[in-house]
């Protein structure tokens, strides 16, 4: 699932279309009829954590101009970055009855509230929740870069395509969509929001459970995903299974610093068109040359996420070891992606 920085970039790609009318539609969605978007006006767009919200109305209203040109480097870099991921989804689609945009059934949820279109009711906000390798393409479709496992050259199938009166179009891939009466946002938990509540995050981290579980709790760290989790724990020199209650305030403070610094640097890199570089995520060795351990970790009965860490740079606390032990200087350095 795309993390906060990626969804923020999707929001930037969609924003120039605000104020335009949908004139033609397409896509594979069966729970939301693509044709129901025709003649609606895109009036607003908001982002929170890993979710994108789009407001549609049946009538034109006074809004900010929506035909601002999209920066060429931004559009191209996003599409190149997602192209490889989309090919993997395309390969999976040939083996799955759900198609390229299939998501686990446990996450399906209600796809519409009462009506396929918001025109006749109060549900005017479309909530978009991206699945694994989900993306937004602008004025271009994702194309297969190689044959899938069956030898077929199949382009990924967009879930929804919206053509606008201004001549451009948006294509949404591998996502879930549902109508709501208002966007569900909580800026105090969004790691990329200026209103992020540091005290609330520190209180959550201090609980008696592994910090790697708490970091993925969207109630306190909205937008934080598996990549950010692995990278910030390495930079902070903290073992993923360290109970937060055994880490002293300075170490928890440092961990939150790394969350904010890494997320902001990743987002900045996306806008500058530079590739993200990780230090431990999906690596066999850490920057210090130590062997990296990979294991699926998660709460009992909950989602188990692959976790990478260095046992040397992120030693596990022993039963009699005080949690106040300072991490290495390497772990304390605020390094970008």
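Including glycine, each Cβ sits where the backbone N, Cα and C put it.
For 75-85 (among others), the entry in TrEMBL reads compositional bias 'Basic and acidic residues'.
Look at TrEMBL and you will find 87-96 tagged as compositional bias 'Polar residues'.
Positions annotated as compositional bias 'Basic and acidic residues' by TrEMBL: 104-115 (among others).
What TrEMBL lists as domain 'Formamidopyrimidine-DNA glycosylase catalytic' is 2-179.
Look at TrEMBL and you will find 279-315 tagged as domain 'FPG-type'. For the domain 'FPG-type' (279-315), the list of distant contacts is 209-210, 212-213, 216, 226-227, 229-231, 233-235, 237-241, 328, 330-331, 335: same-chain residues at least six beyond its ends, Cβ to Cβ under 8 Å.
Residues or ranges marked as region 'Disordered' by TrEMBL: 60-119 (among others).
Per TrEMBL, region 'Disordered' is recorded for 318-337 (among others).
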Secondary structure content of the domain 'FPG-type' (279-315), with strand meaning DSSP E or B: 0 helix, 12 strand, 25 coil
